[in-house]
There are 2 protein chains.
Amino acid sequence: MKLIVFFLMLFCSSIECNNNHIPHPLDPLTPSEFNLIRTIILKSYKTNNLTFHYIGLHEPDKHLIQSWLSSKTKTLQPPPRQAFIIARFQKKSLEIIIDFSTHSIISTKIYKGHGYPMLTFGEQTIASQLPFSYKPFIDSLNKRELNISDVLCATFTTGFAAVVDLDEMKIVSYYDKYVIPVPKAEGTEYRASKMKPPFGPKLKGIGVSQHDDGPGFTIQGHSVSWANWVFHVGFDIRSGPIISLASIYDLEMQKYREVLYKGYISEVFVPYQDPSEEWYYTTYFDCGEYGFGQSMSSLQPFTDCPANAVFLDAYYPGSDGVPVKIANAFCIFEKSDVSLVVRAVSTVGNYDYVIDWEFKPSGSIKLGVGLTGILGIKAGTYTNTDQIKEDIYGTLLADNTIGVYHDHFFTYYLDLDIDGEANSFVKTNLETVKVKDHKTPRKSYWTTVKETAKTEADARVNIGFKPSELAVVNPNKKTKQGNTIGYRLLPGPILHPLLVNDDYPQIRGAFTNYNVWVTPYNKSEKWAGGLYVDHSRGDDTLAVWSHRDREIENKDIVLWHTMGFHHVPSQEDFPVMPTLSGGFELRPTNFFERNPVLKTKSPKPIHWPNCTSQH
Amino acid sequence: MKLIVFFLMLFCSSIECNNNHIPHPLDPLTPSEFNLIRTIILKSYKTNNLTFHYIGLHEPDKHLIQSWLSSKTKTLQPPPRQAFIIARFQKKSLEIIIDFSTHSIISTKIYKGHGYPMLTFGEQTIASQLPFSYKPFIDSLNKRELNISDVLCATFTTGFAAVVDLDEMKIVSYYDKYVIPVPKAEGTEYRASKMKPPFGPKLKGIGVSQHDDGPGFTIQGHSVSWANWVFHVGFDIRSGPIISLASIYDLEMQKYREVLYKGYISEVFVPYQDPSEEWYYTTYFDCGEYGFGQSMSSLQPFTDCPANAVFLDAYYPGSDGVPVKIANAFCIFEKSDVSLVVRAVSTVGNYDYVIDWEFKPSGSIKLGVGLTGILGIKAGTYTNTDQIKEDIYGTLLADNTIGVYHDHFFTYYLDLDIDGEANSFVKTNLETVKVKDHKTPRKSYWTTVKETAKTEADARVNIGFKPSELAVVNPNKKTKQGNTIGYRLLPGPILHPLLVNDDYPQIRGAFTNYNVWVTPYNKSEKWAGGLYVDHSRGDDTLAVWSHRDREIENKDIVLWHTMGFHHVPSQEDFPVMPTLSGGFELRPTNFFERNPVLKTKSPKPIHWPNCTSQH
């Protein structure tokens, strides 16, 4: 117990005591809160043998946040601060809610379903060491004349298969099927420090600077304000970055207007397309199984973020409940084409995902994803495509090295509250009108037909098949001209599942069956793949919730958007993939009376290093 | 004649004599060359009453350019330099080729078709003044109690209608049909200098700087080299920017490898969707009718381009043949996420198009388009949507102001020569395989099926309806692993025409019927809408050429790609639209043996103004 008190004091001194900002009710849990949770739970269960799989803020109800926000200058107490915990104890998944004001457990539930909580780094580390003390595995290495020191074992979620029992921490089955030549190391080096000549072009790069009085944005705790925007940057072990309470100042109305109550990546589904026994189960759910938040990397200044970036740390709970720090987990920076970016990089297994939220004075929010990192590869007997007479389910990238076909589906949770909670989802369909009379020399033109979604079924959309503008509007508010105020979704790279609907991975990933879904706001519907994703059977996905076909017109609604990429690897993606970028835009549509940028005062130039201009 | 000689000397002294770079055979025509052309032609036709509608480089044949390039260090003479001219003389369109080495006309042809050449600024200026000396028009103004000084007339191409005869320069028909309240000026100001309080947020902005020894790129004449790229930046009065001879250095092969022989925007089709008599004909072809090159704006440093940009001028021929300078027509700058951008802005009538070519050390070329400027609006009687009981073919943006529905189709000409001229177009289709046996627990997976286009018909693709990767490959070259080397097209915003195929505007714009076409290289097939677009009847479009269904396998081929936006205006787009961006990527796919970026030496940081990082 002394250790815990020590930690409490340590983090208190570095974070809370020296930082006199008032905590925001949506601030991520602090190290001292993680330690408090650990103390309370281990004491309550009288054990040290309990694993923490998820600890996150148990958010106050929206109306409490809204009341707190609207009376911020007054003395209203912030809503009670609570945490939601999923822990494994005696082979059961416990769901616990802790209240910080009373330092007590206020709710406990034992989960009865098929799924398992997110994997912890702790259990993955132990599990990946198990083979090295397992005789049949040692025999397999000897058979291949491999040294133990040259071999790395990694842990993969099993989709709907099962090999290692994480509760027992034993290897429950083992096969040694093929002996395939080990791919050569040649050409696989990707660490800059280990590179040998000849080198490619040396880039000079550019510098980025700011006015002497500091950056153009301010950060108070986790609240950011810049230009006409204010928003809150949160963090969760499972989702990674969370942007909340994004509001934009309307100069004509002389007030901030709500746009986004909360937005984050709810799930990333990565099904591989090799049906063989060794690969068929590799259908990863990067948030629900591995945790986008705990996988976030410390950002490298200048490499991951430009020189004018400001950095923020994050803390996640280890499997023992002790907080782990991710230094420089976020960076926030201005771009020269006038926008503000919040960036994080999540390294899930082999892949690196660059997650950007970009705010523009026009009211647009651009959500970007960049994919880089190491491909999912498998060994093969081939060294040239000439030798291949069967489907290898991938691309031959190097000798004995195959990059397996796969998809990346990114499903965003977007609780837009456009000028208030009561919103509707409207499709503006572009329809061809064929001219039958002779009133015009034209034979055709297109016009728009608006369609308001009444229930969830009306709001399931696969993008790309017919021209339609998708918007979340506030049906109770109009511009002076009478147009309904709203925000549009401008899609980026779109993909549709290629697995059949009743295939096991696709049942679990059924939330990708549409690019757009709209649900009524429900505090418990946060994770598109379900609360328990590992070993899940798809009984708690967005597709299941949407099947209830609830009413969504003029209600507090949530927009779910899936974008992404089919990935046929190419040799350039090896050994590390050049960033592949995509994203989408949330853009005001009749939200403002007119272009809000015109009244924005342009920045003054700072440096003109290179000005050959004749102006 | 003295005047002409004077011009020749003037430009010679400022451009050619002081600039000792060796002219590149693809350099745009110089002021002295324009003047020479004018002298030769006016002398030959013994007139001053001839209008120059197009003057551009008559490019040498590809094999001549290639020979010149490959023997650049030796003493090979550059190929003969020639110009192609379209002039109107005695109500006829003349096509003239001039050779600069002999100072002579080497070919003359009289065009016999339906179309007319690109409009000149000169005739547009005169035509737009005609109404002010036309009695019925003055009467109309008086009827509305309008002052002449408050009225601006603009010239619009007439699609398949006809109102002003530009050869006669007379008004040939006139209607005064409706009296509609003049929209108020309130809220229409967009000039920063005229803005009145209250102002919005004041942006501080950031500075951009570079190493003391200059930028990371070099420009010699119009040839640019940066990182592993070399390319040539050309200019044409009709297309605007032309990127040619883009090659990338391959470190493993120790040589530059060809990627793009030539790329430019061939046409921009903007059909409006109001079928009424006043609007039905507004179906603009912004390159073929108005000229993307002559419409290019002088870029404003810091506003249009960041502070580290280098600027280049351009020259186009006026309608009298005298060269007109566009100062700062191009800017070239590095971005902090490691890329080089070539930018131009073309202001065609009311719209501003930001055209970007972005090169990355990974081998990717990103082609971007940003749309901003003033909407095409019409007057209406309405001040609120409540009053509207009919289709107004647009959005009520302000009192009496309707933003008319329209499209922007951008058609790019991309003569990719992937490691040589003989290329093929390959579709890699992603196809679901349903598992029938029980060899795998999966019920399905996807795999790839490659399809090489044999003829033009095989290569017509509408993107978005089935998953497919589109690539131009060199079927004669493979990587060591045996993969065919190539470049992929990663599409951005895609649109399909909504007009019926036999509607007049769509017959003229039939090149938008597919997002992708591939044609065998043909020097004369440059303009997707035909050489003569004004009043065209669609008999010389890409769709017509493609109908010949020529063989395209393992040949010198051209990829044509159409992207763009349907535009339902919103109030934010008024009075000036916040930039709407889109683009696509040309990305190496098995072009390199492995990721070429890993051997690129990263730039060193210059400034760390704001580094709160803990590293």
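Cβ from N, Cα, C; glycine included.
As annotated by TrEMBL, signal peptide applies to A:1-17. What TrEMBL lists as domain 'Copper amine oxidase N2-terminal' is A:24-110. Residues or ranges marked as domain 'Copper amine oxidase catalytic' by TrEMBL: A:211-336, A:337-598. As annotated by TrEMBL, active site, proton acceptor applies to A:Asp286. TrEMBL lists A:Tyr351 with the feature active site, schiff-base intermediate with substrate. The annotation 2',4',5'-topaquinone is assigned in TrEMBL to A:Tyr351.
Within 10 Å of the C-beta of A:Tyr351 (active site, schiff-base intermediate with substrate) we count 21 further C-beta atoms, all protein chains included. On the 0 to 100 pLDDT scale, the domain 'Copper amine oxidase catalytic' (A:337-598) averages 96 in this prediction. Note on the domain 'Copper amine oxidase N2-terminal' (A:24-110): DSSP counts are 24 helix, 31 strand, 32 coil.
Look at A:Asp286 (active site, proton acceptor): DSSP puts it in a helix.
Look at the domain 'Copper amine oxidase catalytic' (A:211-336): DSSP puts its residues at 5 helix, 72 strand, 49 coil. DSSP classifies the residue listed as 'active site, schiff-base intermediate with substrate' as strand under the three-state reduction.
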